[in-house]
Amino acid sequence: MADGQLKVLTTLDHARTQWYHFMAIVIAGMGFFTDAYDLFCISLVSKLLGRIYYTDLAGDNPGSLPPNVSAAVNGVALCGTLAGQLFFGWLGDKLGRKSVYGFTLVLMVVCSVASGLSFGRTAKGVVATLCFFRFWLGFGIGGDYPLSATIMSEYANKRTRGAFIAAVFAMQGFGILFGAIVALVVSAGFRNAYPAPSYADGRAASLVPEADYVWRIILMFGTVPAALTYYWRMKMPETARYTALIARNAKQAAADMSKVLDTEIQEDADRAEAVAAGGAGNEWGLFSRQFVRRHGVHLVATTSTWFLLDIAFYSQNLFQKDIFSKVGWIPPARTMNAVEEVFRIARAQALIALCGTIPGYWFTVAFIDVAGRFAIQLMGFAMMTVFMLGLAAPYHHWTTPGNHTGFVVMYGFTFFFANFGPNATTFIVPAEIYPARLRSTCHGISAAAGKAGAIVGAFGFLYAAQDPHKPEAGYKPGIGIRNALFVLAGTNFLGMLMTLLVPESKGMSLEEVSKENVADDEEATA
């Protein structure tokens, strides 16, 4: 394919930024908005679940989820996400991006509602059905990662492609914030409608029966934004790169893009045949010798950096409520009633999202096509390492009265540089550097490696952060939060080293980056 490029792809690469680009960002981005809401809202209600289903009124403190239950509730959706990323990533290359794009959204809507309707006669029954539905919710969420990234990368022009993909991913920040806002509104409403004493002042009375509705409403509310965008997902045409390069129908690709870009594109039939013929010998498969030679190092880079990043990112996100409790930013559980605790946790998460998480995403949108992917990812990992060390080394200082605000500010900066850094770039790069016929699959593999890291973070941090001298009930002694933060700092440092393998794709077409236009014999003589 070295002898030319299809006109429709050249037109896409040089198209001016226009209304349809922004529509694509919103349509794909609302999926990520819902993904983040559904994945992280569980951290807002897990303490409430412990109070409702595991409280022993003879105890001095309200109930909490047992270790194995807490790990399952927090981590099962991540297991589903990993499976969904692999399956839908592969399916997106086999059947087309659009063909399976709507199904992931339907699965998310159905399972989100079902999660809120979890049932059972015992605590174990409720938790079991909740975990079942959250696994399949995660499965649908997993499909959104490779499909949304691939669709946006294949629609975008090469000048602002990074910003467009980053903007889709940035909707994750608004999803996290929206989850906190929903929890604030719901808990405030129930708190005012059904006042209750703290656990210390009235153990049984601190948990009103209506509190069972709180967590269910919060879990189900994520269906709203997903359902609103389903129609528009179904209206999107298949990407031109899939239609032209994989389905080998350049004429249809030109017709589809002519409609959405308001530009008349006439694809030359002879050119299309020549390009197709040129690519016929370039159809090596995943993990073939040619793939390993061209993209083996790239796959190591995108999987390892995403894996290392998500260990830290999901540890921080899913268990920030526990960290804030231990440093004293959230009062002890026994001094609050059940609904008040949800309100306090949601308020803390909203502040972190507003001050650290969301700004970081949009700094990436602003600078990704200026500084480049490599520089932002390297800088992000480096700064996360620095701030993690800044939290861990003087940890005892941060836990003393009067220093909690400083801890929260430092903690917020780790989120800022995660999102103005590797949390965004690990999503962007795999959507750019692999050939069209393997793009969705390789993005799915990279994302699944990330979710493997998230599972390590979700299950590992819960146990590792336990106080070595005074672990919580049901837990074995761990290494403590201070040492756990040191481990996360080391994880970020390893991510910085692995970033050295990541190629730069700024300002290049997808075909130039992936060398899809270069045959094996041409590459060998280059």
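Here the Cβ of each residue, glycine as well, is placed from N, Cα and C on the backbone.
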Looking only at the topology recorded in Swiss-Prot, are Arg97 and Met508 found on one side of the membrane? yes
Please indicate, using numbers and ranges, the residues of the same chain that are 6 or more beyond the topological domain 'Cytoplasmic' (429-444) and have a C-beta under 8 Å from a C-beta there. 85-93, 97, 142, 145-147, 149-150, 152-154, 161, 165, 241-242, 245-246, 283, 285-286, 291, 295, 298-299, 302, 306, 373, 377, 502-503, 505, 510, 513-516
Check the transmembrane segment (212-232) against each of 100-120, 350-370, 408-428 and return whichever range has the most CB pairs under 8 Å. 100-120
Using DSSP, how many residues in the topological domain 'Cytoplasmic' (1-21) fall into helix, strand and coil? 11 helix, 0 strand, 10 coil
Tell me if the transmembrane segment (350-370) touches the transmembrane segment (22-42). I count contact as 3 or more CB pairs below 8 A, with pairs 6 or more residues apart. no
The transmembrane segment (445-465) versus listed stretches 100-120, 125-145, 374-394: most Cβ pairs under 8 Å: 125-145
